[in-house]
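All remarks here apply to the structure that follows.
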C-alpha cells in the first residue's frame, strides 16, 4: 500500500504520532516508540535539554526517520506559547511545533482565541505549526487559513481514554479540511485509533494510552496495527450501515425445494 | 506473541472467522480469505456440493490450515437445522457446525428456544456446535452447559454494519463464559472488530463488511490487523477511562521558574 | 389528549408502571405511587400477604384505579414461576401476573426458554401474563403468539440506571408487536422513559430510579411528566434527524441587501 | 416547586426557550409558543419590524411574561453582529440579544473568536448578551468573564435533531459556569431536552423540533413537560449508574424456605 502522508513537504509512512509524557522510564519509552514505528514524536520543550545531544530523554526518543515535534505544553496564553516555541527553535534548530495553549489546569482544554493568535504569529515567524484544538470546525478552518500545517482536534479530554466523543464535529472538520487532520487526545484503545482513521482522519496522536498501561511496547504495536487497519479499511471503501438485515447466506432454494 | 485459541481441541492462530456469502465471485472470495489469514471459514451448506472436491466454491475456500465450518443458514426451526447439519456431515465427514436458526426472514435474528433444542441434539449426535445467538447471557450459559464449543452472540443485526450495539450483554457473556466467545454479525468496520477483542472476546466473525465493499482483499487484511491489534491491546492491560484530564506533559517547572 | 392504552381489556390512562422494591418505607412508597399517577403497580408475591387486607405494604399500594400486578420475582425456572403465580391467584383472586424467571442471582437476567414455557402454561391456566424478557425480537413474537398480554423487554440490567442499551432490538420488537410493548428495567432518569416512549413503546416500568433517590415522590412525578412528554412527542410526528444544518433563521436578505 | 431561574435580574418560571424560525405560519407559531409556556422567545432581527407593533410576526410572538430575545442570525463576523444588535435596540428599546456569529453557511456553526469579540463590545455597550457557542469550556469561561448573561453551547449542529452529541464538553461547561447554561441547537425530541436538564443545564432552546413536525403545539407542550421532568429529576437527586444488577425485589426468603 503506497499511501504516504505529507505534512509541510515531509513524507510520513506511519500515521501514528506518539507523545512522550508519563512513561515510567526512558527505556520503556524508547522501546514503545520503537515498537510503534512512529515517525513523529512530540515532547514537552521544558522536559528535555534540546541543545545537549547526550540528554537522556532526547536520546531515548531520537532515531532515524523520526521527526521531533517540540510542543508548548504548559503555555497558558499565546505569549507564553510563542516564547516557548522560540526558545526551542533557538536551541535545536527545529522549526516544527505542536502548539498547545491550555489555560485550565484541570481539563487541559485548549484556548481557541489564544491558540489562533499564537498560530498566526508562529506562522509569520516561519514555524511549521500543528495546533491542538477543541473539535471546532470554524476554528479549524481559521487555523488552516492562517497557514497551519495540520489541525489536531481532540477526541476527548487529554488522558481520559474515552475514545471519540466529538464525532460529529470531527467529521465536519475532516470534510472541510485541506490540510491533514490529526485526531489528538482521548484515544484510549487501538479501536479508537482505527475509528478515527475510518472516519477519514489523516493521523492520530496517542500518549497516555500507551504510556500508562501494563505493557507499553505491546500497546504501541497494537496502536500501530490498528492505525494501519483503520486507514486500510477507509481506503477499501466500506459498505453502508443499514437498519434491516442483509443475509450473508441467501435463503432461497434448498430447504423448501 | 504466543496466544493461541483452542476450540474443541483444535488450535487457531487467527481470531478472525470469515463468512462466504455475498462475494461478487469465487475468485474475489478466495483472494479475500487468503488476505484475511483466517483459519475458520463458514459456508452455507446448501450453497456448496461438499461431496464434490471439484466444486468451485469449495475449492475457492479450502486451503491448508482452514477449518471449514458448515452452517445451517436457512433453517427456521430446530428440526430443519438438525437435518441440515446431518446432511452436511454425511456428505463431508466434517463434525463442526455453525448453528443458525432464524425463523424471521427480515432481520434474520436467531430463535433462542429452537437454537437450544437443536444444540442439545447436535451435541448428543457428536457434533462440534458453534451456535449463533442473540446477546443473551442466560441463553449463552445454557448453551455452554449443553456442551457447545463456543457461543456466538450477535453485535447487531446481520449485515447491518452497525458495530457493537449489544455491548452490555456481550460484556456479561464474556465475564461468565468458560468457552470461547465469538462476536458474530453486525461488525462493519475494522474498529468494530478491535472493539470486540478489547472487550475480551476470543474471536470475531465477519462476512458482509468484507464481501460488500469496494476492495474485499484490502478490507480482509484490515480486519486481520484490527483483530490482532484489539487482542494485543486487550493483553497489554489498558488503563482506565477517567473523567478528568491527565496531562501527558506535566505542568510543573519551567515556565513559572 | 385521548390516548388510552388497553391491556387485556382494561383501559389505562397512565403509561407509567411502578415497582415496589427498595423503598425506604411503606409511607415513602405510598407517596411516590400517588405522585406517579400510576395505574399498574407490581409487587413481589412473597413480600405481601395478599389475603390480608390489613397488610401494611398492600394498603400502601392500593388505591382506586390501580391494577395490582403480582410478580414472580425469585423464580429460577418455569416450575417455580408457575407455582408462585398460582399461590398468588388463589390468595387474591388476581389473574394478572408479571412473569419473571431469573436463574442468575447476579444480573437477574431473564431466562428465555423457561419464561416461554411458564408463559404458555399460565396462559392456559387463564392468567393475564406480562413477561419480563431480554430484548429479543424472536422471543417477543413467540410470547405474543403464546397469548401473552404484553411483552416487557429490558432496557438494561435491572437496577443499573443505564437507560436504553438495547435500542436496536427494542425498535424491532416495537415494529413487530401487536400487543403493547412495555420497556422494563434499567431506566434511570426521566429522559430514559421519554426516550422509550418516543421510540413507540406503549408504556414503561420504573422502580429503582424512583425508590433509590433523594426524593422519591419528586422523582415519581418527574417520570410521570416525562412519560407523557415522550408519548406526546411521539404522537406529534417528530422531524427527521439530519447530518447538515438547517437554519432556524434563514439567511436570505437583510444583511447583504 | 419553587425553582426560578434568574438571568440578568429577570426571573423565569419556564426553562424552555423557543425559536421562531421555520414555522409554517404565524398562527401555528403563536399557538406553539402559547402551548410551550415559554417566557423567552428569540427572533431573527431582520424578520420582524420591531418598530411596528402591528407587525404580524411580532404580534404572534408577544404575550405577557414573554421576554423577546432578538438574535443576530445571519451575522458572519463580529462587526455584522454588533451592527445588527444596535439596529434592533435602536428600534425596539430591547437590550437583550442572542449573539450568533456563523461564517459558515452550511453547518451554521458559531465562530469562537468573532463571538468573543462581539460579546465584549456588546457588553460594553450595555447589552444583555446570550452567546451561542460551540461546546467549548474554555470559550464559555471567557464569555462569562467578559460579562455575558448566559452561555448557550450547542448540543449538535442546528436543525439536526440529533440530541446531545457534545455531552462531555457540556458537562464541563456546567461544572465550571457561574452564569446559567442554556443548551441550544440540535435538540430534536423531548427526551433530549430532559437529558440536558438532568445534566444540570439551566434551560434549553428549541426551535426546529417544534416548528418542523406534524403537530407543533403538541410538540411544544411535550417539550415543556420534558423540561420540567428533567429539571425535577435533577433536583430529586438521582441514584448512580451501576454495572451489576440491583434486584428491585430481593431474592431472599420465601421460595427456598
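From the backbone N, Cα and C atoms, a Cβ is placed for every residue, glycine too.
As annotated by TrEMBL, active site, schiff-base intermediate with DXP applies to C:98. Its own atom aside, the Cβ of residue C:98 (active site, schiff-base intermediate with DXP) has 28 Cβ atoms within 10 angstroms in the protein chains shown. Residue C:98 (active site, schiff-base intermediate with DXP) falls within a strand when secondary structure is assigned with DSSP.
In the three-state DSSP classification, residue C:208 (1-deoxy-D-xylulose 5-phosphate binding site) falls within a helix. Counting only same-chain residues six or more apart in sequence, the Cβ atoms lying under 8 angstroms from the Cβ of residue C:208 (1-deoxy-D-xylulose 5-phosphate binding site) belong to C:19, C:21, C:22, C:158, C:159, C:161, C:188. Residues or ranges marked as 1-deoxy-D-xylulose 5-phosphate binding site in TrEMBL: C:159, C:185, C:186, C:207, C:208.
Per TrEMBL, domain 'Thiazole synthase ThiG' is recorded for C:7-250.
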Where the record names C:159, C:185, C:186, C:207, C:208 as binding 1-deoxy-D-xylulose 5-phosphate, the maximum Cα to Cα distance in Å: 9
Quick note, residue C:98 (active site, schiff-base intermediate with DXP) and residue C:185 (1-deoxy-D-xylulose 5-phosphate binding site): C-alpha atoms separated, nearest Å, by 13
When you measure from the Cβ of residue C:207 (1-deoxy-D-xylulose 5-phosphate binding site), how many other Cβ atoms are you left with inside 10 Å? 25
Run through the Cβ atoms and count how many others sit within 10 Å of the one on residue C:186 (1-deoxy-D-xylulose 5-phosphate binding site). 25
In terms of Cβ proximity below 8 Å, which recorded positions out of C:98, C:186, C:208 neighbour chain D? C:208
So if I draw a 10 Å sphere around the Cβ of residue C:159 (1-deoxy-D-xylulose 5-phosphate binding site), how many other Cβ atoms end up inside it? 25
Same-chain residues at least 6 apart in sequence whose Cβ lies under 8 Å from residue C:185 (1-deoxy-D-xylulose 5-phosphate binding site): C:132, C:154, C:155, C:156, C:157, C:158, C:159, C:160, C:205
Confidence summary (mean pLDDT) of the domain 'Thiazole synthase ThiG' (C:7-250): 92
